[in-house]
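**Q** Feature table excerpt (TrEMBL):
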| type | residues | note |
| --- | --- | --- |
| BINDING | His22, Cys25 | Zn(2+) binding site |
| REGION | 46-71 | region 'Disordered' |
| COMPBIAS | 51-71 | compositional bias 'Polar residues' |
Amino acid sequence: MVGSVEYSVLNLETKMILVLGHTGCGAIMAATKLFMERHIEATCQKDAQESTDQSTEVSKSEQPPQPGSCKSRSTLLGLLDALVPVAEQACVELGGGSTEEIAAHAVKVNVWRTINFLLSYSLIIREKVASGEVELQGAIYDMSSGAVEFLGQSPKQAQLLNSDAHVVPSMQA
């Protein structure tokens with residue numbers, strides 16, 4: 001993603017980068033459900049552990065497999081796992097809520113996360129935004145009405161423009 005945006009800014013002279021989320025996003029909803037399941041499971045396990053005798057231990061062979069422990073993980077599960085922190089942040093920002101409420105807010109959180117990622121890991125984009133040559137904005141497309149809610153610049157933009165990171169973490173050796 002970063003390389004494609006850098007190419008458009010450098011070679012196509014793109015003046016506006018719009019990170020557009022959309023309502024009813026299936027990936028965000030699935031990641032939110034996954035977060036909620038893990039959160040409930042972790043809470044239940046914690047409660048159960050606290051209520052059991054501390055001297056009793058379950059051997060590793062008796063423990064259920066952990067989510068994501070399968071060696072041949074699907075790309076989709078990897079995508080959902082990467083979006084779980086978005087759902088978690090949305091839950092924290094809202095102070096809880098239904099899966100649907102958290103997922104709706106997670107769309108906005110993911111727009112900010114993507115903008116912040118671009119600013120964090122691309123010197124080219126940072127320099128173009130800092131100089132005013134490129135605008136980097138967020139928006140959410142409402143799938144039902146067709147309306148677009150423009151969010152503006154990231155609240156962290158000024159801070160991120162001073163960042164010195166420029167290598168995407170997955171590309172580090």
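Each residue, glycine too, has its Cβ placed from N, Cα and C.
Bear in mind that TrEMBL entries carry predicted annotations, made automatically and left uncurated.
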**Q** Which ones in the same chain are close to Cys25 (Zn(2+) binding site), with CB under 8 Å and 6+ residues apart in sequence?
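**A** Long-range Cβ contacts: Ala103, Val107, Asn110.
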**Q** Please report the number of other Cβ atoms within 10 Å of the Cβ of His22 (Zn(2+) binding site).
**A** 15
